[in-house]
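For 1-10, 25-34, the entry in Swiss-Prot reads compositional bias 'Acidic residues'. Positions annotated as region 'Disordered' by Swiss-Prot: 1-47. The feature domain 'Lon N-terminal' is assigned by Swiss-Prot to 82-322, with sequence analysis given as support. The feature domain 'CULT' is assigned by Swiss-Prot to 321-429. The Zn(2+) binding site annotation in Swiss-Prot covers Cys326, Cys329, Cys394, Cys397. The (S)-thalidomide binding site annotation in Swiss-Prot covers Trp383, Trp389, and the record cites similarity to another entry as its basis.
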Amino acid sequence: MADDEGEEDPGINNMGNLLQVISSESEEEDEMELEDAKTADSESPNIINFDTSLPTSHAYLGVDMEEFHGRTLHDDDSCQQIPVLPHVQVMLIPGQTLPLHLSRPQEVSMVRGLIQRDRTFAVLAYSDGLQREAHFGTTAEIYAYREEHEFGIETVKVKAIGRQRFQVLETRTQADGIQVARVQILPERVLPCPMTSLQLDSQSRHLLFPTNKPVSGRSPQSKCQWLHKYRRRKFLGASLTSWPSWLYALYDADSLMERVKLQLHEWDENLRDDSLPANPIDFSYRVAACLPIDDALRIQLLQIGNAIQRLRCELDIMSKCTSLCCKHCPDTEITTKNEIFSLSLCGPMAAYVNPHGYVHETLTVYKAFNLSLVGRPSTENSWFPGFAWTIAQCRVCGSHMGWKFTAVRKDLSPQKFWGLTRSALQPRIPEPDEGEMGHDHSPILCL
């Protein structure tokens with residue numbers, strides 16, 4: 001990712017400008033500003049008047065992009081030959097939007113050919129930057145396209161969306177240099193409700209689920225009350241088995257979705273339930289795309305073949321994760337889960353691309369710690385219109401962590417926030433008690 005490759009070219013860590021050299025006085029001012037951010041008023045803004053639809057539109061790519069309609073879906077378990085974009089180092093989740101800015105002649109030629117066919121390419125999932133072979137991936141379908149010619153250089157800007165998971169069978173390189181993968185499309189296994197075989201006609205009237213589901217914005221207490229009533233009615237047949245009803249609820253999609261939503265509201269109190277997918281499969285993928293976890297955990301979520309197990313793993317991650325630390329120095333805490341909030345319709349984290357073609361999955365948080373700022377604020381190619389960005393680095397190891405965004409207008413809320421790149425973060429769980437700490441204890445989450 002860009003945080004590793006940025007050491008070779010400092011210009012690729014920003015959103016468009018070359019890294020600006022500033023005086024030591026400016027650096028001291030930035031340090032003072034950061035200290036103020038840690039000790040200032042800790043209250044988060046109650047009202048966000050920023051248009052959250054702007055980041056999802058990716059307007060920085062241009063407004064006159066050619067849009068395509070329809071979608072391409074391959075049959076489950078079918079084998080397909082799909083071209084691969086080799087330099088896209090993003091672990092794409094189905095349903096996740098992927099913006100691209102391609103300038104290599106081979107990639108430009110490949111995208112042109114895709115536009116004439118099914119507009120589908122493969123994004124391989126690498127668990128780390130040193131892995132040479134990928135075993136899983138996701139198909140991506142282009143839904144918006146723009147071609148540019150400037151100074152004799154041809155570039156294409158693309159908006160794509162993840163569609164289906166696949167397992168890589170083999171890869172080969174064609175005579176024109178384009179890599180093609182032979183993949184098997186992985187199906188989504190829909191598990192039946194365990195109560196289906198226990199439903200008796202005489203009890204059918206008791207199986208009507210409560211319809212007064214709490215709307216978005218209601219208190220957690222009302223949601224818990226609804227969930228309790230839902231479980232009591234849906235798992236009425238559990239009395240005929242040797243297993244308690246709460247055990248069936250652990251594998252019920254609707255119950256898991258409500259529990260995940262409660263966790264999401266702890267991460268983002270402004271989240272609206274009606275903005276989330278109602279389908280368990282789509283919902284599980286939306287949550288997976290928003291979790292600030294490393295690639296090792298994300299690829300495990302990508303391998304799971306049913307929504308229920310995926311939701312259970314996501315719930316485990318969210319309940320254990322309390323803070324995020326620097327990936328290169330894990331003892332350095334960067335932010336906590338209470339600081340996460342959504343400034344986009346996609347949720348607290350989404351993928352964005354800079355003019356150099358590097359894709360950053362950026363997590364928005366109110367406050368961050370142990371960071372130093374480099375350069376001066378700039379609004380050029382800002383992913384959040386109305387905000388100026390400043391490069392942020394880890395104060396301990398100096399690795400690129402993301403950006404600080406400051407509002408250019410006083411009437412814009414929030415006035416400032418941080419955008420942290422997922423590739424530089426590592427989730428961490430609290431240290432256990434001294435008596436429970438074993439020799440192999442690690443604060444890093446694992447499934």
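Including glycine, each Cβ sits where the backbone N, Cα and C put it.
Per-residue pLDDT, averaged over the domain 'CULT' (321-429), rounds to 93. Across the range of the domain 'CULT' (321-429), the DSSP-based residue counts are 6 helix, 55 strand, 48 coil.
Those same-chain residues not listed among Cys326, Cys329, Cys394, Cys397 yet with C-beta within 8 angstroms of the centroid of the Zn(2+) site C-beta atoms are Lys327, His328, Thr332, Asn370, Arg395, Val396, Gly398, Ser399, Met401.
Between the candidate binding-site residues, Cys329, Cys394, Cys397, the densest Cβ environment within 10 Å is the one around Cys394.
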